[in-house]
Amino acid sequence: MIIMDYLKILEDLVKIRTDNRIGVKKAFKYLSNLFNNLGIKNTIIEGCFVAYKEKENFDLILNSHIDTVKIQSNFKKDDNNFYGTGVIDAKGNVVLMIHAFLNSNNSLLVISPDEETESNGIYNFCQYLRNKNKIQRGIKCIVGEPTDLNVCIGHKGRFEYIVESFGEARHASSQGLNPIEILSRVILDLKNLPLEKIKVDKIYSSSITPTIIKGGIQSNIIPDYAYVLFDVRSVEKDIIKKIDDFLSQKNYSKHIKSSLNPERHYANFYMLENKELINKLSKHFKISFFNATCEAYYFNKFLKADTIIYGVGKLELAHSKEEYLNLNDFDRGIKEVEKLAELMIE
């Protein structure tokens, strides 16, 4: 077993601000120096940091992401906890994956550069592996995210769904087609659209939530255009088609246009279907479902990899000023992730 000062590595990584591309490059340089000092090969492929012992021979991919959301709080620590943006989402879990990699023979470590934004890194990396025919049948993957040390066998899909509405600009005292009023009807109608639910350890539901709305240029002018962006989370397949079909039946349908925000890739709803693997893992770990979205979907879609999500930290603390990592949980995660990696490929 390789002995590492994981708390020092984690502190160093959290102190590198990675809510921007320059910071991500600095963090990857830090990781490269770390592995170079260990005599372990590493490189950058499609923007992802990759460490490997045998580049052509691996049956387990260990993944997490180095980027964070915009900084909510700076790093600090006490005897019990580390605090600050990134300690659980996901640099603490980067360190867990590093430990699993160092203590397994046939694994590949892949760290994403942009999971919180476009997901271009993993999207392109998975296609790179597929196109190079570098994937063995039956490959497995662990994605490091804050799951409170539960093994999550799936995650929600996420989409940015835009509805644009159109009318004619005119004086606010006149009557007629108002794009803002149209969008208010769209929002209320979608709130009443029946959505699916699933049960894993508890009930998880799809959701359609308006998060951005824009329109208008002056208080006394009815605008000719407005739009609303919905954050769509799914525990069902084809939810976008479901929304499209629903809106197409409304009497305002000829005055709206709907589409996905084209500026990013989207991870759809994912659920592990390997019942034998689930049963094996359930003997050692609590089985749950990741109530957000992550990049596990891409490993399954492009590489046909049986993928689970595992890591330290409570999901509800991520992206908040209250983000913290309990050090006892971190120690437990270090021990458990090594066992989890063994179970995935035995």
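In case you wondered, yes, glycine gets a Cβ from its N, Cα and C as well.
Remember, it's a predicted structure, so these values are computed and weren't measured experimentally.
Record check, Swiss-Prot: Zn(2+) 1 site residues include His65, Glu145, and the candidate from Asp59, Asp78, Asp79, Asp89 also listed there is Asp89. When Swiss-Prot records Asp89, His319 as binding Zn(2+) 2, the matching candidate from Glu116, Glu295, Glu338, Glu342 it lists for that site is Glu116.
In this structure, the CA atom of Glu116 (Zn(2+) 2 binding site) is 8 Å away from the CA atom of His65 (Zn(2+) 1 binding site).
Per Cα geometry, Asp89 is the residue among the recorded positions Asp67, Asp89, Glu115 nearest to His319 (Zn(2+) 2 binding site). Rounded to the nearest whole angstrom, the C-alpha distance between Glu115 (active site, proton acceptor) and His65 (Zn(2+) 1 binding site) is 6. Of all the binding-site residues listed (His65, His319), His65 sits in the most crowded Cβ setting, with the most other Cβ atoms within 10 Å. Put simply, Asp67 (active site) is 9 Å from Asp89 (Zn(2+) 1 binding site) when counted between their Cα atoms. Put simply, Glu145 (Zn(2+) 1 binding site) is 12 Å from Asp67 (active site) when counted between their Cα atoms.
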